[in-house]
Structure formats: structure tokens, C-alpha cells
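J.: Checked TrEMBL, it gives:
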- 402-424: transmembrane segment (TRANSMEM)
- 436-455: transmembrane segment (TRANSMEM)
- 461-479: transmembrane segment (TRANSMEM)
- 486-504: transmembrane segment (TRANSMEM)
- 532-552: transmembrane segment (TRANSMEM)
- 564-582: transmembrane segment (TRANSMEM)
- 588-609: transmembrane segment (TRANSMEM)
- 616-636: transmembrane segment (TRANSMEM)
- 675-692: transmembrane segment (TRANSMEM)
- 713-730: transmembrane segment (TRANSMEM)
- 736-755: transmembrane segment (TRANSMEM)
Amino acid sequence: MWKNVWKKGAVALERNGLAGRVILMLLSLCFWAGWVGGSVSYAQPTEGGTDGRTAQHLVVLMVPALGFEEVEKWMEGLPEEIQSHIQLAGMTMRTAGRMNWVNNLFTISTGQFAEGPPLWNGYQLRGETIIHPVQKLRQQQEQRSGFLLSAESRPWGYFLGETLKKNQVYTIAFGNSDTRQIMRRMGATIIMDNKGYARGQIDKTILTPAPYEPGGWRTDWNKLSMKLEEIWKIEQPTLAVVELGDLWRIEQTYDKVPKSARISQIYKDKWLREWRNWFMDTTRHIQHNQDGGVSIWIMTPAVSNKAKLRGQLLTPFITWHPEQTGGILSSLTTKQNGVVANVDFLPTLLAYYQLPAPSQAYGQVIQLKETLKPSAQPGSSLFDPFFDHLRYLFAIYRTRRIIISVYLLIMIFLLIATACYWWFSKQYWWARLVQVLIGTVLLSPIYFLWLTPLIQVIGPYKWIVVLFFSAFVTSFVLYQLVSHVWFLTLIGLTNTLIILFDLWRGSIWMRRSFLGYDPLIGARFYGLGNEYAGILLGSSLLAVTGISVWLARNGWLPKRRVKGLLVIFMSVFYLVIIYSMAAPRLGTNAGATIAALLTYGVSFLFLFRLKVSLRYLLPVFGVVMLSMAGLVHLHLQGEHTHIGSFVVAAQNGDLKTIQEVISRKLAMNWRLIKVSLWGKLFTTALMVMGLVSFRLRRQPLYRYYEDMAQHNLWMTGFRTMIVGALIILMANDSGIVAAATTIIFLAFPFIFLRFNRHSIRADSTSSGLA
């Protein structure tokens, strides 16, 4: 049946000439991509973070103000027999609001990006009862929404403690971060139920007076060990959250005191030694008793102020168990070695007790990704390579804003300067230099992929000099070797192919590029970032346009066979790009995929001058819908992706999740349009092209220089890029970024051709190929 339908449809499309063959080619390739994508099998991760162990006791040590600088010092004195059972990662701090301990703690406790009320605390009642002011959450939500909430509603979502309570896991909290002036009690939030209650002793039970030390109190390690032993003997399974607030007290005491950094560091080093000794004694005691049911996790809701100033916005997440293999952790949320998300904490802790995560949880189970390698040098830590990698990530984040800002300012300046030079100069003395500079800008995204490691040895401003010098040399050599048409065409092809090559090898370059995505802020961890999505869209259209101009210049394009080969090339070329943007293990960028589908369809319509009629629009609409269905199928059948999670939420009717995602994306896009340099680059490019086009229309003498067909082809490609930039602007959460990088490959080639007397033409009302 389906075979006959396909055969009759193919015959009908063949009768429609070139348009029919274009649509038939797209349909065939889409069916092929859907079959290939659906037949690919992905290795599914094993559920649970306990390596098959029977969960008995878990101790979560919450250490506020703990950063990786302190962790590295703390681990220096740990013997290799303990380090070999430690698993480690950096945890993101992304929340629904600002990056602070309250919002991060609520995100960790609910498994969703959340925002807590200010002045949040736990309060000790009689016995072991702890209460939290959940009415503040209700008041906060009512103020934001403007509506009164019913008594049964839970504006704060679903807390981790509620699930543990329903599954008979004994939970208890100890310790606090009180100072002499401020009461700060964070830990019990993790185990509180939906009514705000928790069990524990968060007063001074495990503390001892220390009048001459910061905060006036310090942890009593003997009392802590006794409390844990008592619980382990009576209850099973258990979760003990221990808040070790000593580092927080030191920071709060000395950070605002001038010239106190040395004293503060002395106290920190002393406490780290005490903590390390207690950890060594405790783990050895567990190993000696052969108690394989005890695990220790270390985490923090907030890094130190010093770490924040240095851009070190990953919090330590450490696990220890006597039977586990030491190594580096990861999750399907990030798909990056050594980086996990704060929303991964809840499903991982539930998996420890063999419990499923609630459907509204965003994260995935944290798992071992890379085992430790024996240290080559005596006395060095097994985790030294990991700490070196973290320093690299922190260096990228610390210098990212400077480099991107300077880069965008240079591009805005070049846009204005080259347009002004063209406008006012009567003799084009430096026209070739301007064209080489334009090539430099268009080649710079490639060097953004390759030169990032240099930031570890040179400063950001020197790095920018190296970037532009490398791109300038490449542009100059290419300019000397090929014609102007092939100069732009090869630049477009090179950008496209290198980005595709990087995507197919796991985005190794892109994930560390300044134009890529930053794991520290947690906006995107894998796939195709919006910056390179725009570059890929714009450069691919520039390449196809250049090839069409070259064919027309040699008189080959009117030939029916050449035109058919061009259709095949464009179909395959575009399909590979769309699949690379969409596939779960490649781009995983839904907005870019939608933009590419529509833009490449417009490219066919403009280039081959297809009539916009219902007869042609329906098959094109079918191609788009078929491709979208294939995209959904890939993400539902393959490994976990954020697109798959969104589709599942839509299938389950989770309107709250869908509303949150859409509102967050719209808010981010609007904020970037208003305040970012990407928005200024986008508007500047449009204004410059408008002024240049106005000048060309005012000087009709330019229209007599050369054959109009080449000009019309260039303008056809440029119109398609404008459509693509507008579509990707609307389809992406930070669409202005993708639109700006798309329009780079429109604005600069447009000005480039103004300096080429053989391509200067007034605009024409007709476009496309005859």
C-alpha cells in the first residue's frame, strides 16, 4: 500500500518539473534520515549511583564556603588508600534567580531550578524537631503571582525530605553556621518535608565553645562521631546531614576586616587539617569494621567570596565509599567529565536508596565517568590532573566576558569603519586591505575553536591579538590564491565543515571555546551552542550562494544537468547540517534545527524561483513536519537530552514545566536584546547594510559595470540570510546571539562585494535563477 502511494506521489511530483524534483529529493532524504536515526541504538546508562550496593547509611557533609582551592589543600594530606575510593566533580550553581546559597539549596532540595526567600533558616524546637518557615514560600509566590494560594497548594514544589519520609528513610540533621551576630542554619533544608518539619539537633549539639576562634564556636569531632555511631546502631537506612560551618564562620569574621587575609588563611589551614584527620579516622574505622553500607558525601551550597571573585563558580561534590573505585563523576545532564548539575543531587541521592526520582525533577543520576590513574610523581595527588582541568575551566570563565566584549566591539567598529571608508572614499587605495580584514573577521570563529588553551599562558588581550593575527594571515594567503567569489565561498565552506567535524567528534573544541557554552553558568553543557548555530547557518548559506555565483559566472548554471546536480548537493548538504543540529549525540539544538529547516526551505524557494502556491507549500510543510517528527523520535528513543525532557513534559501534560521553560527563554532573549553587545552588533549590521543599500540606489551608474545575474544571486543569498537570522532570533532562548552570528556572514560579505567593482550593483526587484 505505502509503496504504491509513494510511487504515485513521486510521479506527480516529477510532472511538476524542477520544483517537484526538489521536493521529492527532500522527502527521500528525510525518510532516509528518519530510518537511520530511528535504527541507531544508544547505550542506556545503568540506574542508580550505588554500584549495586545495598544502601544503609549516608552521611552528607555540607561545608558552606568550601571551594576547590580548599579541597585541593584538604586532599593533599589524604593517603592514596583513601583517595583511591574518592569520586569527585564540580557542581554547578545555576538557579531560577541569583547564585546564592538559599537559591542553590532550594534547587538541590527540589530537583528543579528554584528560588528561595531571603532570610531563610531552620529553627530548633524541643527535642529533635526542626521547623522551617514555609509560609515565607507561600507569601513569596503570592506576591509574584498576585493571587492567594489555597492551603493545599505547594508553591515550593516537592522536597527531597518528603520522598525519604514516605519511604521510611531515617533522616536527621546536625550542626549550623552560626556566628556571634547571625544565626545561619542551612543543612536541615535538604531533609525537611513539605510542611517544613525535619528531625535533628542544629543547635550546639556537635559544637564546642571557642571564644578565641572565629564565630566563638567550632566543630567537636568526637561528639559528631558519637552521634553518627548512635544512629547507625539503631536505625537503618539513614541519612545524616551534617553542616560544618567553621569555614563560613571564618569567612564571615575576617572577610570584612582590612588586612586580615593572612589570619583568615591560618585559621582555614588549621581547620582543614582537623577535618582531614577526622575524615581519615572515620573512613579507616569504617573500613576496619568492614561496614560496607556507609557512604560519605561532601557538598556545599555556596563557595567562598574569594572563589566568587576569581570566577570559580563550581562547588565541590565528593563521594567516598570503601568499595567504590575512585574517579571523576559526570551525569547525562552535563555529559562532561568532572561537571555535574545541582539538579542532579536529588535523583542521585534517591538512587542511593533505590528510589525513583519524581517526574518533575530535572536532573539525572550522577555516575562514575573516568577512573583514576596512578600518580606518576611521588607525593602528588591522584586528582592533580582534575584540578589542572578545573583551573583551565575557571580561566576560561574568568576571561570570557573580556574577550567576547572586545571581540564584539572590534566587529562593530570594523562594520562602521569599512562602510564609512566605502561611503566617503573616492579612490579605493586600501580596498584590498579592507577585504582581507573582512576575511579575518569571517575566519575568526575557527580560531576561537582552536586557540582557547593559550589562555592558560597569556592574558586575554594578548589572546585577542593572537586570534586576529592568525585569522589575518590565513585571510591574506587565501586572498592571494583565489578569486573573490571563491574567497567568500571557501570561508563559508571552511567554517561549516570544521563546525560539523567538531560536532561529530563530540564538540571537543566547542565546549571549551569562548564562543561556545560555559559549564560554570550551566546554560548549556553539550551539543551546538547558539553562537556556533548562527555561524553554521550563515556560513552554509554563504557557501551555497558562492557556489551558485561561480556556476553562473562560468555559464554552467542554466544547464539542466548542472542545475539538477546543484539541487542534489544542496539537499545533501542541508540535510547533514540539519541532522547534525538535531541529533541527541550531536547538536541537540531545537531552535537552530527549526530555523535551519525553514531557512533552507526558503533558500530553495528564492534560488530556484519556485512559485509560492498551495501545491508547493503543502509538500514543503510535510517535509518540515516529517523532520520535526524525526527530531522528536530521536530524542525520545536515544539518550537523555533537555529536548527529550521537554517533549516528555509536553506528552504528560506538565503545563507548569512547559510554562517555566518558555517564560525563562523569552525573558533571557529579551534581556540579551536590551543589554548585550550581541544585540548592538545585530542592529549595527542592519543599519550599515541599509545605509549602503540606500547609497547604491542613489548612484545608478554602478548598475552598468557587470552582468546583473551575479548580483542577483548574491542578493538572493543575502535575503535568505536575513530570513534565517530573523527565524533563529525567534526560535532560540538566546536567539539574538545566534541572529548576530548569522548576520556576520551577511553584513561583512555584503560590504566586501561593495569594494569589488565587478560586483557593485544596484538592487533589482527580480532574484533567483531563470
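Backbone N, Cα and C atoms are what each Cβ position is placed from, and that goes for glycine too.
Unlike curated records, TrEMBL annotations are generated automatically.
Describe the structural context of these features.
T.: Among residues of the same chain six or more beyond the transmembrane segment (402-424), those with a C-beta under 8 A of the stretch's C-beta atoms are 430, 434, 437-438, 441, 444, 460-461, 463-464, 467-468, 514-515, 677-678, 680-681, 684-685, 688, 691-692, 695, 744, 747-748, 751, 754-755.
Nonlocal intrachain contacts for the transmembrane segment (436-455), taken as residues 6+ away from its ends with a CB within less than 8 angstroms of a stretch CB, comprise 392, 395-396, 399, 407, 411, 414, 418, 463, 466-468, 470-472, 474-476, 478-479, 487-488, 491, 494-495, 498-499, 502, 509-510, 512-515, 532, 535, 539, 741, 744-745, 748-749, 751-752.
Note on the transmembrane segment (461-479): residues 399, 402-403, 406-407, 410, 432, 435-437, 439-444, 446-448, 451, 454-455, 487, 490-491 of its chain, located 6 or more positions outside it, place their CB under 8 angstroms from a CB of the stretch.
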J.: Name the range, of those listed as 588-609, 675-692, 713-730, that has the largest tally of Cβ pairs under 8 Å with the transmembrane segment (736-755).
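T.: If we count Cβ pairs closer than 8 Å to the transmembrane segment (736-755), 675-692 scores highest.
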